[in-house]
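Asker: Quick one: this structure, given as structure tokens, is what I'll be asking you about.
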2 protein chains.
Amino acid sequence: MRTSIATVSLSGGLAEKLQACADAGFDGVEIFEPDLIAGDRSPEEIRALAARLGLTLDLYQPLRDIEGVDEATFAENLRRAGATFATAARLGIDTVLVCSNVATATVDSDDVSAAQLRRLGEVASTHGVRVAFEALAWGRFVDDYRRAWRIVELADHPSVGVCLDSFHVLSRGHDPSAIADIPGDKIFYLQLADAPALSMDVLSWSRHHRLFPGEGAFDLTTFTAHVLSTGFDGPLSLEVFNDTFRQTDPDRTAVHALRSLLWLQDKVAHHPQQSAASHLFPVADAEPAVGFDFVEVKAEDTSEVEVVLDQLGFTARGRHRTKPVSLWVAGAARVVLNEQLARDQAPHIAAVGLAVPDADATTRRAVDLMAPRAFRRTYGSEQPLGSAVAPDGSEIFWSTASADGSHPAWVDEFTDGAPADPASPVRVIDHVNLTQPWQTADEAVLFYTSVFGFSADAPTEVAGPTGLIRSQVMRTADGAVRLPLNVAPHVLSGSAPTQHVAFACTDVLGVARAARARGLPFLPVPDNYYDYVAGKFGVDASVVAELRELDLLYDRDTDGEFVHFYTRTVGNVFFEFVERRGHYDGYGADNAPVRLAAQRRDTAR
Amino acid sequence: MRTSIATVSLSGGLAEKLQACADAGFDGVEIFEPDLIAGDRSPEEIRALAARLGLTLDLYQPLRDIEGVDEATFAENLRRAGATFATAARLGIDTVLVCSNVATATVDSDDVSAAQLRRLGEVASTHGVRVAFEALAWGRFVDDYRRAWRIVELADHPSVGVCLDSFHVLSRGHDPSAIADIPGDKIFYLQLADAPALSMDVLSWSRHHRLFPGEGAFDLTTFTAHVLSTGFDGPLSLEVFNDTFRQTDPDRTAVHALRSLLWLQDKVAHHPQQSAASHLFPVADAEPAVGFDFVEVKAEDTSEVEVVLDQLGFTARGRHRTKPVSLWVAGAARVVLNEQLARDQAPHIAAVGLAVPDADATTRRAVDLMAPRAFRRTYGSEQPLGSAVAPDGSEIFWSTASADGSHPAWVDEFTDGAPADPASPVRVIDHVNLTQPWQTADEAVLFYTSVFGFSADAPTEVAGPTGLIRSQVMRTADGAVRLPLNVAPHVLSGSAPTQHVAFACTDVLGVARAARARGLPFLPVPDNYYDYVAGKFGVDASVVAELRELDLLYDRDTDGEFVHFYTRTVGNVFFEFVERRGHYDGYGADNAPVRLAAQRRDTAR
């Protein structure tokens, strides 16, 4: 399918927006009228620019408050519409979006609206343009696409059709299946937007919180399948009003936006209702990751991290034979310490390795979804890894998981190291928490769900001593891979993010005791916390005493128990050890404020 | 009345919060349980710290999900409550907040809830504490303060009373007048919060968007008057969950918070329903401003601004006799250019002068409301001005307006200048637009409304090329003083804010022509804009041609017309000239995106 995007979805001036859309690979754009008005290029110049860039101009929008009015008002509205049609014609655009009347409608009648749309269509046709009528979710009388279609049917004019916008349909909870009743050639335009599940007035929701498909809670796949089932073959076009995208790099947003349309076509292609007729962009299939392969911590000098890993019972598995990189292992948890090209860098999580069923398939999928490749110098004798750069700049690598659970081939590039200790109480990497800049937090959701097939848990919030932290977990269904993505409050945006790696173990008390014996400085947990745990959960005094002695944190829910502890922060990274008992599936969310306050005190020391 | 505040309203650690509250002048605080748990000081240490700081500890909160449950659950809840009461007792706190059950209630019965609260009261009394029962707006069964009071009445235990929270009452639109039916001594606690008018789910509204009294849309005055009419004499206590205050300077927030309670007492004192019995803090009365006196633009070198003012037809009225400051006048619009203590500063709006009916009264009011004074060196022979520093750092000055409309006395401190030209088409300063940091935007609303008696218009949003700008106008009823406060999007927060001064004139076309003749570079307005104006308003071609020739902008609504133009930006400031025709009362909001895009192009040149 052809791809398009409304210019209101991007920041900057109109010419910049067109350039960004062309660079990303869009086929066309919708021109948002205020972008044209505020720009210093004439309609003819914009038309010529789009032609040079290879972009079609698919829609001019919006024309507001036209129908459902008295005759005197309609006469004035027709005059006003004529000016808009003339501008569209100068742009070489053949379709103008007409929204259902919000501000001036006084007549609640399908017949009146239809008659007025017919007369509008007559004027439009004299300018060589057609009218796509859209029911806004907050239209005064027309707020349902089914009514908009009924009015268009009654108008019965070749220059009058409907525009369908997924937000206006799905935000109201309207059943999209009646779309299948509309002839495909009367759907003059299709606008797509996702949105998070929010309970707020629909106008504010629409104007501030729209997202690209795959980032929110709407079922865009079924919606789009319904539209395509009509034979509609116009562009898939994005119209996303979003406070973040309005102020961030348009080049980046355009790539991100196009990725959402590729993802959507892939989802539609797999939808049971989809006929083979549509020309959907083919995205290579790949199975989701089956587990973490490794985490890489990078720094100019990683020796402080080595001290901590040693105290935590990790075994040095040796240095890489061609790079200043070392490998530390406990159970099947692998930590790579990288000092290559790391001048002036404090310890931080630079990369995450995933074990996938078929690395080549994941690579093909990543390429199809425009994920930028991460470069690592790899010699001919070394195992090449699949790679992508995540929106926050973290690098994601992958290789094919071994069928027998043995270590991956790249481990053998590390020499002179001790073999891993199979008796370690540490099992695997449980989760890797990556702090996201607010600018790319939404993009990250789409990146992880589309390229790696993760699902996105509902976002939660954690109260830290200097603000709320928004947290959303990307994960595989079985929980083998979990990536909590945290967005820090504004005041912290300037400071270096604190990330962490959590290791799952079978005996967290044993790990904690052994680490303490080896001199590990724990993150100190305040006494008041243990009084609270005793009071809240009614835990035995002897258990509380043991938790208190070892600075362990505790949580319990109906699925099981969770016991965990944190190391102090080294550079921008700290480590957590967790023991999940029963079917506990969370992260000890109630303990996060205690941890954040303790880290703040620890940093201030 | 005594003043108190919940620690959750401030950022930082618990000890920092207590220090900030004491420094601001609060009498007491409510301890939010998670603040205690995350802190490293024992309850006894917190109690001692509060005593040393002279703060009472008024409430321990919250205890959740207690009543409306089956007997087995209630037994466990009683055990849990006992632990909370024990902690309260260690803190020396005699009142614990119990919220109506949200998560675990299964029994919808006043009798059951009352019986369980009675038993809770019995346990509480053994710890020497009492229970204040509060209906949460989103309580499972109890979500109305009238029902909470009915249950407390039924419980009939001396240790069980109600807690009233203005948010939970007013967010639901519940009539607060039934508060008067509750005996004052059964109101164990009073929590106050304002909030903006938002249409969203009440839980999110409460957790993120509460404001201090006077900053939102709730009628806190009537609410508080109802509470005081019962004879309630406990503290006025603030509980404000707000994403901004959670991450900004607690010392500053505490002062701001206390100001809101002083303002509220002043409003209650003037409420018709208020009896004389309450010990309300006396805030001096002052009439609102009657107009702008001057605007001060400050820079190391103001000569670029002088060039522009000269081109705009302003007359140099001379230099100040003791300071490197000059005065420029057009009509009754005065611009002071200040080069004192301005090293490395680009031109920016440093101060706004207001004409008030009685400067001494305004000064007394500003002092009572804890407005920090702005210092200016003033010699004995010079007119002293009242002063305050606004939350964004702008300085506000005031002097008593002359009865006959003649210029204020301080003007005579400027020597060797020409007299003002009474025939100028410029009348007065129409509005001064000040860009606000997001951190202090809410505080600014309370500052201007409380100290100067301005009203706050509903906030609006303007779409700029790099993000949405939130704008809220502070103004006098007659529009003689208007201060639009703009909050820029995040991406711009780091860059210097662009502010502007708008001058009202009787003949904006004449001003524009004369300024152009004197060589003023206008902000260029794109051609497309004029096609749009012609199309939208059906304005005559000859009028459009004149607007286009002079780079004028146009707006029209049912009240009248608005014609205006902008200068290019000098440093961080630009000027606007406006002509209001008929009763047009706006600011040409639809033109703001055009202006913002033009400024962005102009800056990039």
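From the backbone N, Cα and C atoms, a Cβ is placed for every residue, glycine too.
The structure displayed is predicted, hence computed values, not measured ones.
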Asker: Out of B:HIS320, B:HIS348, B:HIS500, which one does TrEMBL list together with B:HIS431, B:GLU576 for Mg(2+)?
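Answerer: Mg(2+) site check in TrEMBL: besides B:HIS431, B:GLU576, the record includes B:HIS500 out of B:HIS320, B:HIS348, B:HIS500.
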Asker: Among B:GLU76, B:GLU153, B:GLU215, B:GLU239, which residue does TrEMBL name as a further divalent metal cation binder in the site formed by B:GLU134, B:ASP165, B:GLN191?
Answerer: B:GLU239
Asker: Tell me the Cβ contacts of B:ASP165 (divalent metal cation binding site) under 8 Å, same chain only and six or more apart in sequence, or just say none.
Answerer: B:GLU134, B:LEU190, B:GLN191, B:LEU192, B:ALA193, B:GLU239
Asker: What counts of helix, strand and coil residues does DSSP assign across the domain 'VOC' (B:428-568)?
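Answerer: Per DSSP, the residues of the domain 'VOC' (B:428-568) fall into 49 helix, 52 strand, 40 coil.
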Asker: Within 10 Å of the Cβ of B:GLU239 (divalent metal cation binding site), how many other Cβ atoms can be counted across all chains shown?
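Answerer: Other Cβ atoms within 10 Å of B:GLU239 (divalent metal cation binding site): 27.
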Asker: Quick one: which residues besides B:GLU134, B:ASP165, B:GLN191, B:GLU239 have a Cβ within 8 Å of the divalent metal cation site's Cβ centroid, in sequence order?
Answerer: B:LEU97, B:CYS163, B:LEU164, B:SER166, B:PHE167, B:HIS168, B:TYR189, B:LEU190, B:LEU192, B:ALA193, B:SER237
Asker: Near B:HIS431 (Mg(2+) binding site), which residues of its chain come within a Cβ-Cβ distance under 8 Å, counting only those 6 or more away in sequence?
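Answerer: B:HIS431 (Mg(2+) binding site) has long-range Cβ partners B:VAL473, B:ARG482, B:LEU483, B:PRO484, B:VAL501, B:ALA502, B:TYR587.
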Asker: For the binding-site residues listed here, B:GLU134, B:GLN191, B:HIS500, B:GLU576, which shows the highest count of neighbouring CB atoms within 10 A?
Answerer: B:GLN191
